[in-house]
Amino acid sequence: MMTTQPFDEDHLGEECGIFGIFGNEDAAAHSVLGLHALQHRGQEAAGIVSFDGKEFHAYRSTGHVADHFSKESVITRLTGHAAIGHVRYSTTGGSGLRNVQPLFADLQFGGFALGHNGNLTNCYTLRDELTKRGAIFQSTTDSEIILHLMATHLRGNVVDRLVYALQQIEGAYSLVAIADNLLIGVRDPLGVRPLVLGKLGNAYILASETCALDIVGADYIRDIDAGEMVVIDKDGLRSMRPFGPTTQRFCVFEYIYFARPDSIMDGRSVYEARKKIGAELSREASIDADVVIPVPDSGVPAALGYAEESGIPFELGIIRNHYVGRTFIEPTDQIRNLGVKLKHNANRAKVQGKRVILVDDSIVRGTTSKKIVEMIRAAGATEVHMRISSPPTTYSCFYGIDTPERSKLLAAQHDVAEMAKIIGVDSLAFVSIDGLYRAMGHAARNADQPQYCDACFTGDYPTALTDQTGGGKVAQLSLLVTEKAS
Ligand code: AMP
């Protein structure tokens, strides 16, 4: 769910995790656990809305899940057998409490709470239309558009109205929602963002990733399909296909970086996928060296795969301090550079006098790689080679992975040889796009109908980008002014 970012306009999106449960008297406590497991998907804010059969109860806060939701006073307030939860990560600006999800609205049919992972690509355009018709927005999130579309569709029950709203929107969305004695889960027609279904006794659970099922001891039943809506009530689960037949374009970057390695996505272990990409990278870009070193933590499985395939020993040559935040959160380049040093230190004993292969999952701005390479050289490495377990990130994501605008993407501005110079390595290589698809179990990328959304590597966006090409910009500008003035 995207907000406008008035103070940091190079950032295009946010990352989120969602959780929902129906049919368990401790619904909120289970949601807190689920959100703990999904914390990697968003560290800026968290929220839960529960329903007790009569009333809805909400608690939303900025900060980590553990900062607020471990308190008994909070959990005991969130009574009920149904709940949804949300974690969110944005950069700076637009991060006020009014944007923290789940969103809640009292609509004609009653209360409705919504949690959204993904970004809409026609939100400014729709927002412009809605405000012209008199809609008063409470937040700057694109997700609120869904509530307004439901409110202004004057017919039908909650499901009919939600379907109507979803038929107007473009982009990526996995949603969880609760209404009077209902839990609803939806994936967009391309299934860009994940959503899985689990069961705990008689209770149904929906979550962004299976690691959130594991933490509450629930069984993984299946992934919600692309374009599927599930409606869960006391009589069980109903599956609907409101968009007709659809073709899946799941985000391949979830496998590369974003998801937790212990999650299973679309029946495939994220950890195994990362190892396979690392092995493919070793076959495509082998080099003689003494040691394979992962950039922690996200580079670890790919480095293991690379080491196994190449026969070069794997060592933890960089040690991570787990008690500092992600460098991405830092607002200026200067602080971001410092952040990398705060976060990592070279393990001199495994680096000195060695020809090192560093493995990481991606290069975005190049800040991390540059600092890591300096650090490894300072620790006495004789050669430093960098291997990246994704193709070059050359396009921004508009579907819910936080990326800077294109001009800030190193690979959009430089070829691989130039990047190697900037980063300061003896050699640099990325897995090829077909190598990535091979590692994922496909013969190659199907250019006519790609099996995944890989727009950040290819620029092949699977939905219209109406806000980028249409009149949405005007609405965006006025929104920035509004936000700054408030
Ligand atoms: P950069 O320093 O800008 O090149 O960012 C690359 C580093 O950030 C890599 O180590 C990745 O693991 C990590 N990374 C890649 N994509 C993201 C993202 N969307 N959010 C946070 N970190 C990321």
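Every residue, even glycine, has its Cβ placed from backbone N, Cα and C.
What TrEMBL annotates here:
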ACT_SITE  Cys16  active site, nucleophile
DOMAIN    16-235  domain 'Glutamine amidotransferase type-2'
BINDING   Cys251, Cys397, Cys453, Cys456  [4Fe-4S] cluster binding site
BINDING   Ser298, Asp360, Asp361  Mg(2+) binding site
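Where TrEMBL records a feature, it is marked here on the structure.
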| residue | record | DSSP (3 states) |
| --- | --- | --- |
| Cys16 | active site, nucleophile | strand |
| Cys251 | [4Fe-4S] cluster binding site | strand |
| Ser298 | Mg(2+) binding site | coil |
| Asp360 | Mg(2+) binding site | strand |
| Cys397 | [4Fe-4S] cluster binding site | coil |
| Cys453 | [4Fe-4S] cluster binding site | strand |
(message) Validating a neighbour-count step here. Other CB atoms within 10 A of the CB of Asp361 (Mg(2+) binding site): how many?
(response) 24
(request) Select, from Asp360, Asp361, Cys453, each of the binding-site residues with a Cβ positioned under 6 A from at least one atom of ligand 1; if none does, say none. (result) Asp360, Asp361
(message) Whole-number answer please: how many Å between the C-alpha atoms of Asp361 (Mg(2+) binding site) and Cys251 ([4Fe-4S] cluster binding site)?
(response) 15
(request) Starting from the Cβ centroid of Ser298, Asp360, Asp361, which together make up the recorded Mg(2+) site, report each further residue of the same chain whose Cβ lies within 8 Å of that point, ordered by sequence. (result) Ile256, Tyr257, Pro294, Val295, Gly299, Ala302, Val359, Ser362, Ile388, Ser389
(request) Report, as a single number, how many Cβ atoms besides its own are within 10 Å of the Cβ of Cys16 (active site, nucleophile). (result) 28
(message) Just to verify a number: CA distance, Cys453 ([4Fe-4S] cluster binding site) to the residue listed as 'active site, nucleophile', in angstrom, no decimals.
(response) 18
(request) Could you please provide the mean pLDDT value for the domain 'Glutamine amidotransferase type-2' (16-235)? (result) 94
(request) Express the distance between the Cα positions of Cys456 ([4Fe-4S] cluster binding site) and Asp360 (Mg(2+) binding site) as a whole number of Å. (result) 17
(message) With Cβ-Cβ distance below 8 Å and at least 6 positions apart along the chain, what are the contacts of Ser298 (Mg(2+) binding site)? List them in sequence order.
(response) Tyr257, Asp360, Asp361
(message) With an 8 Å cut-off on Cβ distance to the Cys251, Cys397, Cys453, Cys456 Cβ center, who else from the chain surrounds the [4Fe-4S] cluster site?
(response) Val192, Val252, Phe253, Tyr399, Ile401, Asp454, Ala455
(request) To the nearest whole angstrom, state the Cα distance for the pair Cys397 ([4Fe-4S] cluster binding site) and the residue listed as 'active site, nucleophile'. (result) 14
(message) For a quick check of packing: other C-beta atoms within 10 Å of the C-beta of Cys453 ([4Fe-4S] cluster binding site), how many?
(response) 27
